[in-house]
Amino acid sequence: MSMNNITSKMNQDSYGYFQLHMSDFTRVSLSIVFTLVFLVGIIGNAVIIWFIGFKWTKTISTLLFINLALADSLFLIFIPVYTVYVLSNFHWYLGEFLCRVSSFFFTTNMYASMFLLTFISIDKYLTLTSHRLVYKYRKYRNYYVCIGAIWCISIALGVPTLYYKRVILSSSRNETRCISYYGDDKHTAITIYRIIVCIRFIIGYVFPMTVILLSYALIVYKVKFINKPPNRSFMITTASIFVFLACWTPHHVLNIISLYGLKSTSMYNYIKESIPFVNAIAFVYSAINPIIYIFVIRLTSTYDSDTMDELRSALLDEETTSTEDCSDIEISDISR
C-alpha cells in the first residue's frame, strides 16, 4: 500500500501519531546522548572485534563475545538515523527503506544480544558443573550451529518490524513519521500491536531472563560446595547481563504499560513521550559493554598490567579451566 493510500484511508490524528513534540533543549540533549553513545560504542566494539577476531587465539569464549560485540555494533550503526529523527522534531525525511531497516536492526539485535547472553549463561553453568557434557559437546562446530540458530531466530523475530514499519504523511499537518502501521481497522491494529508486544516481552525478556537467573542461581549453589571462586570471564558476563537488564527493562515495562494505556489519552501521551528517553537508556547498553570488560579487568588486575592482555587472559582462563576439569574425567567414563 502506498503512502498516499495509507494517508487517505486512516484518520491519523485520532491515533495520536502526530502530536509528539519536545522542547529544543530536550531534543538537543537527547541527540548529544545518542551521539556519545554511538561514538563510544562504535569505537569500543570495533576494538573488541579487532582484538578478538584478528589478534587473539580463537576459543569458544572469544567466539561468543565477538558475536555479542557484533550484535552491539549492528545496533549502534543506525543510532545516527534515530538522532536525525529526534533533531528534526520527529519528522521523517530519510525514506521508507531506512525507516524499515533501522527499526529491523534495532529489534533483531535486541533479541540477538539477549539470546547470546542467555546462551553464555548456560555455557558458564555447564562448564562449571557438567564436565562430561562439556568434554563431549563443547566443540566449535556445535557452537557455530547454536550461534547461527540464535541469529536466525533473532532475524525471524525482527521481520514483523520490517513488515509493519511505514512512513506516514499527515496532509493536515504536512508532517511525516516513521511508525508501525498495523492497518486501517483500529481494533485489528490494536490486536496486532498487543500480540507483538507480548511476543517481544515473553520471548525477548521473560524467558531469557528466567533462564539466566536460574543458571546463575545453580552456579552460586554449585560454587558454595566446590569452594572455587568465579573466574574473570564469569564476572564480565555477570556484569554485562546486569547492565543489559538495567538498560532494557524500562523498554519492556513501557511496552507492557502501553497495552493498558491505549484507551486512555493521558496515559497514551505519557507513553508516547517517554519512548525517546527509554530508547536512550536501551541504546546505552550496546555502547557500555567494552567499558564493562575494561572495568572488571582493572578491578581484578595489578595497576601496571596491560588491559587488553589481561582481557585475553581472562577469556583464555576459562578455556584452560574447562580443559583441566575435563582431563580429570576417567577414560572409562568418557567411553560409556
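Just so you know, glycine gets a Cβ as well, placed from its N, Cα and C.
Membrane topology per Swiss-Prot: GLY53 and GLU273 sit on opposite sides, carrying different topological domain names.
Between CYS99 and the candidates CYS146, CYS152, CYS178, Swiss-Prot records a disulfide bond only with CYS178. Sequence-distant contacts of the transmembrane segment (144-164) (same chain, six or more residues past either end, CB-CB distance under 8 Å): 63-64, 67, 100-101, 103-109, 111-112, 115-116, 119, 180-182, 192, 196, 199-200, 203-204. Through the fold, the transmembrane segment (32-52) approaches residues 62, 65-66, 69-70, 72-73, 76-77, 79-80, 82-83, 86, 280, 283-284, 286-291, 293, 308, 311-312, 315 of its own chain, all at least 6 residues removed from its boundaries and within a Cβ separation under 8 Å.
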